[in-house]
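Report on one structure; see the data block that follows.
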Amino acid sequence: MKHLPIIALDFPSGQEALAFLEPFEGTPLFVKVGMELFYQEGPVILEALKEKNCRIFLDLKLHDIPTTVKKAMNRLAVLGVDLVNVHAAGGKQMMQAALEGLESGTPAGQKRPDIIAVTQLTSTSEDMMRSELLIDRSLQETVIRYGQLAYESGLDGVVCSVHESKALHEHISPDFLTVTPGIRLLNDQTDDQKRVATPAYAKEQGVSQIVVGRSITKADKPLEAYHQILKEWE
């Protein structure tokens with residue numbers, strides 16, 4: 001069986017996030033806690049989710065000097081989450097430091113969380129790269145390069161769009177995790193994300209794991225939407 005779809009809990013408070021999850025009681029879930037929710041609630045929300053037997057992707061996208069990132073990862077390692085991330089743009093030294101901090105901070109006898117690197121945000125377009133960031137390479141070239149750096153740094157995978165997943169597996173390793181946000185059911189709004197795809201297309205492209213937010217959290221019947229996505233994905 002593939003990894004479960006990750007539900008992005010993009011809510012401003014723990015109360016709203018936990019209320020949203022009530023209809024899912026008894027359903028095995030993998031959820032994502034991002035900056036908004038974690039900065040509001042802190043580790044308390046993680047404990048509440050673990051009580052519901054949720055697996056957790058703590059999506060904080062660390063990006064700072066290596067020493068700071070290492071110390072931060074050392075602290076995150078004790079929180080008992082399953083997946084964490086950094087920005088690949090921080091470079092190899094920073095990514096290696098993140099991994100070291102995670103390994104040294106993971107309590108004895110426990111598996112360390114998987115760690116992945118963000119390549120290019122799904123809101124990024126090639127036009128933006130050229131006009132604002134002065135990057136002349138193609139978007140796919142930069143994603144593959146960031147992926148190679150993450151792999152060389154010992155990380156478990158990357159965050160990318162569905163459209164780069166196959167190329168990453170071909171250039172790096174079929175076992176390298178590709179975790180892809182920007183997943184929508186057909187006819188759903190894309191909002192601020194530019195590089196989006198359906199669960200079925202993600203499956204075709206060999207994606208390791210999908211992250212789904214609004215197609216579930218904004219659905220009239222979230223549990224039904226989740227099972228529709230699960231059916232397409234499996």
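Positions of Cβ are set from backbone N, Cα and C atoms, glycine also.
Here the structure is a predicted model, which means the values were calculated and not measured.
Its own atom aside, the Cβ of PRO66 (substrate binding site) has 18 Cβ atoms within 10 angstroms in the protein chains shown. DSSP classifies PRO66 (substrate binding site) as helix under the three-state reduction. Per Swiss-Prot, the feature substrate binding site maps to ASP10, LYS32, 59-68, THR122, ARG184, GLN193, 213-214; the stated evidence is sequence analysis.
Cβ neighbours of LYS61 (active site, proton donor) (same chain, under 8 Å, six or more residues apart in sequence): MET35, ASN85, VAL86, HIS87, VAL118. Here Swiss-Prot flags LYS61 as active site, proton donor, drawing on sequence analysis.
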Reduce the DSSP letter at LYS61 (active site, proton donor) to three states and note it down. strand
Neighbour count, 10 Å Cβ-Cβ cut-off, for HIS63 (substrate binding site): what number do you get? 18
